[in-house]
Amino acid sequence: MSGIALSRLAQERKAWRKDHPFGFVAVPTKNPDGTMNLMNWECAIPGKKGTPWEGGLFKLRMLFKDDYPSSPPKCKFEPPLFHPNVYPSGTVCLSILEEDKDWRPAITINQLFIGIQELLNEPNIQEPAQAEAYTIYCQNRVEYEKRFRAQAKKFCPS
């Protein structure tokens, strides 16, 4: 593992614990020996207030490569979401998560979460990742909103 990646992730964790957006969760996983694994985080993003996603808490895994922050983390909803910019595998399709597009090493975990939360409510129809969600979003917005309201209810924290 890269010392640069681990150092940056330790800084990110410290900053996150000190100050993060209300309702968001980001916790490094544990290795089998009980030590913290900074390369694999279990996260959750709340649905934005005043949107059909409100009330939902959407679980996301962030996986960091050894060359982080030169390369972005992989962000994957678990379980996958019905959304035009979420691949059927759960992987998020967002330009700031793509090395050859808008990723910059200065982007923080906090900024990634805000970007993903915005994407939930405002899909980018220029970059669809899921055909069914994209088609319904474009052709029948009422049905689309009904489906993701149901999804938000399904992912309500207990």
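Glycine is no exception: its Cβ is also placed from the backbone N, Cα and C atoms.
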Out of 7-12, 13-18, 85-90, 127-132, let me know the one Swiss-Prot marks region 'Interaction with SUMO1'.
13-18
Of the recorded positions Ile4, Lys18, Ser71, Asp100, which one sits closest to Lys49 (SUMO2 cross-link) when you measure Cα to Cα?
Lys18
Which of the recorded positions Ile4, Cys93, Asp100 has its Cα nearest to the Cα of Lys48 (SUMO2 cross-link)?
Cys93
May I have the DSSP-based helix, strand and coil counts for the residues of the region 'Interaction with SUMO1' (13-18)?
6 helix, 0 strand, 0 coil
Measuring Cα to Cα, how many Å separate Ser2 (N-acetylserine) from Ser71 (phosphoserine)?
12
Within 10 Å of the Cβ of Val25 (site 'Interaction with RANBP2'), how many other Cβ atoms can you find? Include all protein chains, please.
17
